[in-house]
Amino acid sequence: QINLSVIRQYVDYLVNEQNVKNVFVNGTTGEGLSLNIQERKQLAEEWVCQGKDKLDHVIIHVGALSLPDSQELARHAASIGASAIAVIAPFFFKPTNKGELVAFLQKVASEAPAVPFYYYHIPPLTGVKIHVEELLDGITERIPTFQGVKFSDTDLLDLAQCINKNEREQFVFLYGVDEQLLSALAIGANGAVGSTYNYLGQKTNLMLQAFAKPDLALARKYQFLTGEFLSFVMKLGFGVAQTKAVMTVVSGIPMGPPRLPLVDASEEFIVQAKAKLDSIAWPDGD
């Protein structure tokens, strides 16, 4: 079941401990697609409420397999004052070309006509591999609120072409593959949305600062160490359940078990992941 009571503590932890002031709610790590509409609305409301005057942006993911459900969630997000909404491609009956995908996105975006809109591109989970570069051609004519993309794919060529072609449009490209963030920044990504920033947000912010200086050697150290941890846990089997377990250990906030068909992380995983994280010597001396 969802546990709304920990969200205030969660917001304070992100802001005060990780220097993270933007959240993406009901996404992959939040198991948004495993929740019913009511649960998703309750979570969205609680994050917006608890984030007031503390968070800069609360982006609500409103994608669903059902168009009416997605439209209802978009209207709700607009009514509670969400900073933006995002929509994943439907992944059972899939759009097979740009026209079908844009038609779906447009029908959702039009229900929240004053709210910035993001396309959530995650082909490893949706199986929808329509290139974002293609999708962006003429997108603002169909979706005037189009703000950018949550780009959760390793295809950096597609991302680079998006950024190269859309400099004048000033779209935002938020990169979603944490272990490759530095590569995405180098080709012009504007920011990031990812699961590790829940517990490595402060380290990632230090990497962003190093990149901006630019001190690429220092930025690479942070990226390589994040990669070292992720490579280690991926070999053990690392998914949403395991991410919850790591976050619980690091933050002390009970993230709870995942919802079936996902199953809880094993004790053995938790012990090994914690030991690995504790063993990393970060450049800031922590």
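Each Cβ is built from the backbone N, Cα and C atoms, and glycine gets one as well.
The pyruvate binding site annotation in TrEMBL covers Thr29, Val193.
Residues annotated as active site, proton donor/acceptor in TrEMBL: Tyr120. When other Cβ atoms within 10 Å of the Cβ of Tyr120 (active site, proton donor/acceptor) are tallied across all protein chains shown, the result is 27.
Feature annotation from TrEMBL assigns active site, schiff-base intermediate with substrate to Lys150. The number of other CB atoms found within 10 A of the CB of Lys150 (active site, schiff-base intermediate with substrate), across every protein chain shown, is 26.
Lys150 (active site, schiff-base intermediate with substrate) and Val193 (pyruvate binding site) have their C-alpha atoms 7 Å apart, to the nearest angstrom. If you take the Cα of Tyr120 (active site, proton donor/acceptor) and the Cα of Val193 (pyruvate binding site), they are about 10 angstrom apart, rounded to a whole number. Cβ-based neighbour count (10 Å, all protein chains) for Thr29 (pyruvate binding site) stands at 19.
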